[in-house]
Amino acid sequence: MSSVSEVNVDIKDFLMSINLEQYLLHFHESGFTTVKDCAAINDSLLQKIGISPTGHRRRILKQLQIILSKMQDIPIYANVHKTKKNDDPSKDYHVPSSDQNICIELSNSGSVQTSSPPQLETVRKNLEDSDASVERSQYPQSDDKLSPPKRDFPTAEEPHLNLGSLNDSLFGSDNIKIESLITKKTVDHTVEEQQTEKVKLITENLSKLPNADSECLSFVGCSTSGTNSGNGTNGLLEGSPPSPFFKFQGEMIVNDLYVPSSPILAPVRSRSKLVSRPSRSFLLRHRPVPEIPGSTKGVSGSYFRERRNVATSTEKSVAWQNSNEENSSSIFPYGETFLFQRLENSKKRSIKNEFLTQGEALKGEAATATNSFIIKSSIYDNRKEKISEDKVEDIWIPREDKNNFLIDTASESEYSTVEECFQSLRRKNSKASKSRTQKALILDSVNRHSYPLSSTSGNADSSAVSSQAISPYACFYGASAKKVKSGWLDKLSPQGKRMFQKRWVKFDGLSISYYNNEKEMYSKGIIPLSAISTVRVQGDNKFEVVTTQRTFVFRVEKEEERNDWISILLNALKSQSLTSQSQAVVTPEKCGYLELRGYKAKIFTVLSGNSVWLCKNEQDFKSGLGITIIPMNVANVKQVDRTVKQSFEIITPYRSFSFTAETEKEKQDWIEAVQQSIAETLSDYEVAEKIWFNESNRSCADCKAPDPDWASINLCVVICKKCAGQHRSLGPKDSKVRSLKMDASIWSNELIELFIVIGNKRANDFWAGNLQKDEELHMDSPVEKRKNFITQKYKEGKFRKTLLASLTKEELNKALCAAVVKPDVLETMALLFSGADVMCATGDPVHSTPYLLAKKAGQSLQMEFLYHNKFSDFPQHDIHSEGVLSQESSQSTFLCDFLYQAPSAASKLSSEKKLLEETNKKWCVLEGGFLSYYENDKSTTPNGTININEVICLAIHKEDFYLNTGPIFIFEIYLPSERVFLFGAETSQAQRKWTEAIAKHFVPLFAENLTEADYDLIGQLFYKDCHALDQWRKGWFAMDKSSLHFCLQMQEVQGDRMHLRRLQELTISTMVQNGEKLDVLLLVEKGRTLYIHGHTKLDFTVWHTAIEKAAGTDGNALQDQQLSKNDVPIIVNSCIAFVTQYGLGCKYIYQKNGDPLHISELLESFKKDARSFKLRAGKHQLEDVTAVLKSFLSDIDDALLTKELYPYWISALDTQDDKERIKKYGAFIRSLPGVNRATLAAIIEHLYRVQKCSEINHMNAHNLALVFSSCLFQTKGQTSEEVNVIEDLINNYVEIFEVKEDQVKQMDIENSFITKWKDTQVSQAGDLLIEVYVERKEPDCSIIIRISPVMEAEELTNDILAIKNIIPTKGDIWATFEVIENEELERPLHYKENVLEQVLRWSSLAEPGSAYLVVKRFLTADTIKHCSDRSTLGSIKEGILKIKEEPSKILSGNKFQDRYFVLRDGFLFLYKDVKSSKHDKMFSLSSMKFYRGVKKKMKPPTSWGLTAYSEKHHWHLCCDSSRTQTEWMTSIFIAQHEYDIWPPAGKERKRSITKNPKIGGLPLIPIQHEGNATLARKNIESARAELERLRLSEKCDKESVDSSLKERASMVAHCLEHKDDKLRNRPRKHRSFNCLEDTEPEAPLGQPKGHKGLKTLRKTEDRNSKATLDSDHKLPSRVIEELNVVLQRSRTLPKELQDEQILK
């Protein structure tokens, strides 16, 4: 075939020839229609057009390289000579000489084409001319193309391939051996056009051997020979039969070269029916010794083995051999092999099962490149026998690439044939470029060349060649082995101090690599020979290896050793220069910079072919310099769970390489690329290609996916990877899944032939004979559907043919015994999978099983099928009697199978790990209500027996546990004797089968509906309910996900259930019964109460754990949350209730942000157990609770309003009529799921309530909609349409949800009660008396003032200044300061800071009585202004301060230490020193308080300090001067409040809203009625006792005082709401207030006036001692005591005044 015709092949035919026709559309879309168009295609271009699998790209590039190479050179042809056995054993055999050799090749249509190469060297001058002519075929001839003749070849539909009949059909009565040897020569195009030659086929007929089973066909190829006197092309075979085989017809030519030298040999060969040929020893003794070629190089056999292992599609030629003769290589007229194998190795080679077709015979890559459909039905044997290395292969070799072949290993000089030389060339050139080792790609390696003998003397033309005579015993001598050398050398380091370092250096003929020691497998550096410019001597026993990038300097101990190294390297360079070729350019699959553990800088990593190269940088890679190579054939890749998420490891037996990518995507790309390379390295396409010979095997038997590469070897179906995963779930007994590409050892010749004979089409005729069109499985079907389909198809036999259903078991067995002795395997398969017993009795005492019958009959395929189904047990199936069978099976259950069984656990459950370790496989039998387990299936005595009627609980574990043998599916059996039996099945189906059978035995009939549920737990419990709380009864319960099904005795209802996520209460308690403690579980759901307890502690623990888990939160879906009785998640109900109680009067409540840490803690608490978690005022902040509600609504799996309805909600806004729009909203809400509908109603009701109080909280419907629109719709941003929808829902809540009028009125009443405390009377009732000092703490400078719960520091400051009649000047700034710790620490309060909240926090101080407030001038105001002005310019405060921590966490020791501080962006950073780049600590200024000063007990080194307070830690800082202290304090103050440090200029001064801030006016707190004297007296005594305790311990009760202000205010409000109007409006003032109002600040302490007032008060109390007041009219004493603890401090006030304050 001409090269032009090959490259013009249509791309479709080309892709079909390599089994990649699925990419036809990709090529057409990219403009590639013929092979010629693909001349410039490369790997990256293939990726761009959409071919992603690396193996497919390699295959395409490989075949394109082979075809396109013929555009540059004309192919080299070969002469083939064979001998034929004549009827007359004494007849001479001879081979005539041929001036021209004819090569037979495949054309596009599958025909054979001949070409006439130039005349080659004459073999012998005087050879007899043969008068015999080629027997001509009757096929027509067309265009000089030769097609193989037709032959009836068994197709996939035929039941069996009979080797004997096949032999006859191919070659008539004689077995024919055809061997070919193709010798390649370079040919001139002009000579080729001028010469034509007749084709003569020389064959060799062998008579039948005695044992046919030990023989195989070896159809290797056709050899051509002829004379000049032929008739041109008339002798060509004609026609285009479809079969790949053709029957050779022609007369054999005898060559006297092979006439036996002794007449004694003839009879021997006649008896053995062998071709007579000289012995090997004779040939060796008489061979001429030719001249040794000057520059030839040998090829080692190890390389051939490596190529054979790596090749993805093997096409081997197997020579016909005789088992009675030693395995000698064929002797050809143009060459001879002198590398013989040992006799014993030859005898080991078995050719019993080899069945070769033309696909094995024509070994030319041209046959693959063109569209010849080569039927690859040859079966190869994977037994561990050595394959001969004299296999002959054909190749087209371009002239410029003749020498460009890579040799991986060096060997000693050897003899070889010319043909073996070309065999090595073929293997080198035909291998895909990506299959070469990357080392050879990057290195411009020294190539080992094999030259034909005709070219050893130079570049001779064809005429010169033809004039030379070639000896029939010409030998090829391989070149001497490459010099390799290794040893210890000193290498000069390239960087740093440039010191010599000892390295183990190796030179392997291709590159220099150096290691830390001789045991390491991975080098520290590689210097390829191609990168070396020269090697030169340097003084002191040193030599240099010079490359373009750098010069490597090595030093040795002796000069002789240095000279040896230099000599070896220079010789290698010289050899390279003589044979150098252009470097192969291959685009790497993946390259880039990665971090490699152990290296500081990033490493340039390259993945190409089956290796990963590590280089220092990209330039080194381009130059060929590298660090090391990681071969993929021994590697594995996995992700690494470290702090760096982008890490992965390549693991080899010798070392693990840990890489880190920059992004997660890059890491995944690398892992995927490496995994693909590993898979391609280990894959072998040979088995797949042979099995795909049957066209039906090219699509998955289950889902029709193309090119399936997995198979179930016992079911005889070829399946895809997705279906293979589901086949494994059936268990190895029902489906044995194996890979076509990687499980090579399992694929024997018989097994491959079995798959070819049956095929997916014929297999599906049985398995899917009743499959309907709508029940078919598709490629993209989900996993669950795929699993169900495969289970129904193979396990249940739902779709299989039922033609044999009428047969009984005995009849099926008889039919099976009759079928196995015939070649029809399909019949055997149908019988076996229809219920026949594979181990049934045959009636033959010797051949007692069907397998032995098949062996007796010599049916190897039947034997193979029965062998892989020896454990199969497919039940007899009848669709029509299915109901009857199931009914009978329910009444009498019998099961037997191997199960994993663990020893029974007594008194308590063993650990899971221990149970799994003690698990052993047992033969289990369930029969007659007893479960017995045996040591094995042959044992007669059981190891144990379980009475199923005694079972009280059966637990099923849906998760699979893993043993060394694989996953197992566990179920547990509990007995009243506190024994637990654990069993494990290999599949989930087997687990369900056993548990259903066991449950039917111990669950009574009235509760059998429980067994219909998909339960995880089923059994018997004792219960009590509201119908009978006096005694315990027995009931049957089953757990199904989150539902508890139960059937209770004494109830007419057959069954009921509890929704466990709706439980209002789930608690466990202990009671005593009959002297024993009993654990009882209480379940309350919507008014139904159920008490349960178990028979034993073990089974109760199982039930309690399962119920508690099912009742908890399971996922982020709304329906998976713990629900209230109204189907509203408990977390939503709790947040709504808390905000309603404490937040209706809070301004902008839903627009405030909470603390992220507190929010996450609350969410986690609710998720853990929302039912038992309670929100508490004081402990949980309002802002955190509102944020939790918004976060929950935003994070659920689907939006509350559902994303599916989103367009409908938005489109409703187009309706202008309000009533119509409201109707649409109602319709949308009714279409929501039940939980969504109930939750939405609760949310909108709450928002409606909040907006009703918008005058107080400023949260109208629009503001609420702005907040909640993104939460309810779960959109990233806010749109006006979403806001309008939510606003509509809030405003029209009553109409949309059809709320009744009385419910609306009730809501208004509740709102009024909740918000009433915000009125003037309520607000004043919550005021407290506080002593505030002016400028200094002196008795005459104090003022007792009323502090309201909402008073800010600015109000307090202005009120004090007004009382004192102080008018600040223009430059003065007054502020309120907080002074604590005995006046050692003070800080200014921000003008917006709440005063009362700060005062209440004093309770946490060590000495709360020493704290007070003082109003004075802000002396550092000028400094603050100055700092503020400088700060606007972007300055950052920094400096060295001395710090001490309390308690010590960061700092070591208990002394002040120098640290470097930086104040920036609202944070204070602490560094170890000025040079540190990473901070040790970061302080958030917003969460801390900074005081001026340091406590003396800290022993500060200076008197200028600052103290920082957080919730749990204190930090003490010391400055070196007062100015530094002031600068730091002011800078921190400014940073804390973001420059908003005083009220804006020109703004009206803010004053208190009360009538008179000084004592007087309305009551400060509720006054006790005179009639309640007894209670008041008790309160006074209690307060005095508390005061005494305070004075003794100087500590207050932190827990009671730490309550929030709003909780106390709400209590005060509650008291006032129920107070009688008459009493509340009484204008009379308490005498104590009159006393206080008249008291001047200057009055001396201890004045008798106070005593008089106190006496008057006591008289009034005595006078009204009998009067009583309703409890709702008094303030709880607890509140008085708590507030009093804060107010009572060590201050000098009259005792009478203190008593009066206590009373208040």
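Note that Cβ sites are derived from N, Cα and C of the backbone, with glycine treated the same way.
Annotated features, as they stand in Swiss-Prot:
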- 6-70: domain 'SAM' (DOMAIN)
- 482-574: domain 'PH 1' (DOMAIN)
- 587-679: domain 'PH 2' (DOMAIN)
- 676-811: domain 'Arf-GAP' (DOMAIN)
- 878-1003: domain 'PH 3' (DOMAIN)
- 1014-1114: domain 'PH 4' (DOMAIN)
- 1116-1297: domain 'Rho-GAP' (DOMAIN)
- 1326-1420: domain 'Ras-associating' (DOMAIN)
- 1434-1537: domain 'PH 5' (DOMAIN)
- Y77: phosphotyrosine (MOD_RES)
- S1632: phosphoserine (MOD_RES)
- Q1151: site 'Arginine finger' (SITE)
Inquiry  = Can you give me the same-chain residues 6 or more apart in sequence from Q1151 (site 'Arginine finger') with a CB-CB distance under 8 Å?
reply    = M1259, N1263, V1267
Task = Summarise the domain 'PH 1' (482-574) by DSSP state, stating how many residues are helix, strand and coil.
result = 19 helix, 43 strand, 31 coil
Inquiry  = If contact means at least 3 Cβ pairs within less than 8 Å, sequence distance 6 or more, would you call the domain 'PH 2' (587-679) and the domain 'SAM' (6-70) in contact?
reply    = yes
Message = With helix taken as DSSP H, G or I, strand as E or B and everything else coil, how many residues of the domain 'PH 5' (1434-1537) land in each class?
response = 22 helix, 41 strand, 41 coil
Inquiry  = Averaging the per-residue pLDDT over the domain 'PH 5' (1434-1537), what integer do you get?
reply    = 86
Query = Under DSSP, the domain 'PH 4' (1014-1114) has how many residues in helix, strand and coil?
reply = 18 helix, 57 strand, 26 coil
Note = DSSP assigns the residues of the domain 'Ras-associating' (1326-1420) as 27 helix, 32 strand, 36 coil
